[in-house]
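Worksheet: the structure to be examined is printed underneath.
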Amino acid sequence: MASGGYRNGTQKVQALRTSSSFKSKLPPSVSSNGRRSSTIDAVYGRVRVAVRLRPRNAEELAADADFADCVELQPELKRLKLRKNNWDSDTYEFDEVFTEFASQKRVYEVVAKPVVESVLDGYNGTVMAYGQTGTGKTYTLGRLGDEDVSARGIMVRSMEDILANICLETDSVSVSYLQLYMETIQDLLNPANDNIPIVEDQKTGDVSLPGATIVEVRDQQSFLELLRVGEAHRYAANTKLNTESSRSHAILLVQIKRSVAGREADFSAETDHSSHLTINYKPPMLRKGKLVLVDLAGSERVNKSGSEGHMLEEAKSINLSLSALGKCINALAENSAHVPVRDSKLTRLLKDSFGGTSRTSLVITVGPSPRHRAETASTILFGQRAMKVENMLKIKEEFDYKSLSKRLEVQVDKLIAENERQQKAFETEVERIRLEAQNHVIEAERNYAEALKEEKMKCQMEYMDSIKKLEEKWSLNQQKPTNNARTDGTSITEEVSELKMLLQNEMQTRKAAEEEIYKLKDQLHMLTKPGSAGGNSDILNLQSMLEEEIRQKKRLEEEVIVLRSQFSQLTMEAGQRTSYLDRSRNGTGLPGLDSLSPLRNLHCKDATNGERSSITNLHEQVGLHKILSLLESEDATVRIHAVKVVANLAAEEANQEKIVEAGGLNSLLMLLGNSVDETIRRIAAGAIANLAMSEANQELIMTQGGIALLAVTAADAEDPQTLRMVAGAIANLCGNDKLQTRLRSEGGIKALLGMVRCRHPDVLSQVARGIANFAKCESRASAQGQKAGRSSLIEDGALTWIVQNSNNEASMIRRHVELALCHLAQHEVNAKDMISGGALWELIRISRDCSRDDIRSLARRTLTSSLTFQAEMRRLRIEL
């Protein structure tokens, strides 16, 4: 008999295999005009079948040592030879042939990955393992890979690919894990749910399990936990063929919902040319794919497995369901008019996988033992028949109305909130304009009263000057003839009459202006009432008119005051001259002249009473409590001068204790936290920095929440001098060993590092000083055994900035940074981070080139005492 003959229509299978492979992609549904069709197109594709050979186990190595394997694989030709005897064999071809050495990854990429990709595109997909018990079905499909990552099965790898290719914000993945045991569908995630019905849609024919537990998966770890829970509840038993023989069919259902990105935008772009003002509310498309992973229980012969009692009933149920599946495969392969799908619940569940709309891949597992040649031949023939089954693949898309509704609700909420904000802003603006106009009116009235008072005083002074001038004129007029005096009196009387008329005209003008102002006030009051008509433009016009009227009123008042003064002066002068002329005729003098003599000696007193005392002795003359009370003055200028005095006093160590005892520290902290004046904040921060030079004051600053206020100021301030003062205060606190933990926990270190954004040399110098102080305290605590673990500076990300500025051009910055590097390097646990961050090179440079001998020797000692640094320098072949 000729060996190597083909059976079961191998040439036909070859033609089918060459037409498409496992790695073929499903073509997209595209219509002739280039746009995706609105209907769901179909793509035909047959079931792909791969065969996997299990290596011999220990029992087979002992029992079949003298016998050759019944299976010979030719993977390069995708062929399998099944030996009949020593000289004859049957040859079969499959879509893929895996030897016993094939890796789990390769099996997944060839068999299951194309199916997973189709499911992500919106198709249904099925991956199933079929074979004799003990041939590796569960290993191929459901291996978790806890001990060996490379041993992960198709279930685990499929979920990894799915999670890597979806967006969890818009897409969703949910799983159900079931088992078919004794023709009963049971929930492996909820064992109490042990009889789940199968429901078929009469229109579409889709199969659903309404009672199954559905769990949404967000990450791989939670999926692995679900698989472990399911495997713990799955039925298994020990038989002669397999120590852990599955007694049920395991089914993992994975539902994927993906939003079709860009489709709605494309549709809108095509229709925009017809209407630019129409808003497109077309709902987004949603693709639904279902992946079914089936780990079938192994077919077995009772005389070989040794099943008895209940296990015998289990074996019968398994064989009946597999037999029903085989009948369906045969009917589909032969294009029979009747397919007995309803003979078993297994065939009903897999209705869509064979002859339906699902893309299906089948892995048949066989063993090499010649003792099980009949079971191996049955498995191979099952795979050959399955290769003839064709499915009609359909993509599943639908409109996501829920997403559209949610999006529109969010948009409506945003518009409502925006409308409320605009309404509130409008009301606030109207109120602001009303208050501003009211303040302007009050200010104008106050200015008018002050100007009137000043003019009154001015008139009194001018009146006194006029008296003096009249006395002088009187003395001169005594020497003039009487007729000249009468002529002068007549001219003065005419001038007085003319001034009276001008004064009356000005008073009438002033009265008309006042009436106009009151009228404008009433109009403004009506416009600023809630609910009054009018807008911002009317209010602004009225406001400008009111200001113009106020200026005109002020100008008229000044002219009236001047005219009144001139009128009073001329009236008095005329009266004096008339009286003089009358009395000169009678030979009497002017009475009351002697009473005016005290006015000639009127003069102003000097406002200053001596030189101002120095700031050093100011608190002794005025009192420290009085100075501190001025810090709470409402006048900003007073507060600025007061805080300057306190800052200067705090610069002297002798005054610091007095300031703290008098409550000065608390007042400075309140100013720093509450004041919006940048000058006050800068001077207050400087005063706190001066007080922070004392160790006793440092603890008080921390107790009163000073570090939190300094951190807030550091985040808000933009002025380099303010940041310099704040950085100086924090730098002083960094030098206290007792405050290290609180300083970091309350945000002091992060605030110090955040101020490097300023880039001002003075600010960077204080930041570097603070880092050096903190590193020195940490080094001291590590040497005393009070601190373990990495430096807090390294954990907060300060190492990068330290390395970058270790060779800064500014000597003060460079010196502090070099000291900080040396102190950090003294703790061995920081060595690895410093090497990876490039600090080793800077330490070597410091040990060689630093201008200060003490820092250079400290860096050298640190490098020579560290085993980690020594090992790295030996590796790099660097010598000190």
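Using the three backbone atoms N, Cα and C, a Cβ is placed for every residue, glycine included.
Remember, TrEMBL labels are computer predictions, not curated facts.
What TrEMBL lists as ATP binding site is Gly131, Gln132, Thr133, Gly134, Thr135, Gly136, Lys137, Thr138.
Annotated coiled coil per TrEMBL: 405-462 (among others), in sequence order.
Here TrEMBL flags 496-573 (among others) as coiled coil.
If you look up TrEMBL, you'll see 1-37 marked as region 'Disordered'.
Positions annotated as repeat 'ARM' by TrEMBL: 622-664 (among others). Taken residue by residue, the repeat 'ARM' (622-664) breaks down under DSSP into 36 helix, 0 strand, 7 coil.
Residues or ranges marked as repeat 'ARM' in TrEMBL: 663-706 (among others). Same-chain neighbours of the repeat 'ARM' (663-706): 624, 628, 631-632, 636, 639-640, 643-644, 646-647, 650-651, 653, 656, 712-713, 717, 719, 721-722, 725-726, 728-729, 732-733, 736, 738-739, 742-743, 746, counting only residues six or more beyond its ends whose CB sits under 8 Å from a CB of the stretch.
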Among Thr135, Thr138 [binding-site residues], residue with fewest other Cβ within 10 Å: Thr138
Cβ-Cβ neighbours of Gly134 (ATP binding site) (radius 10 Å): 25
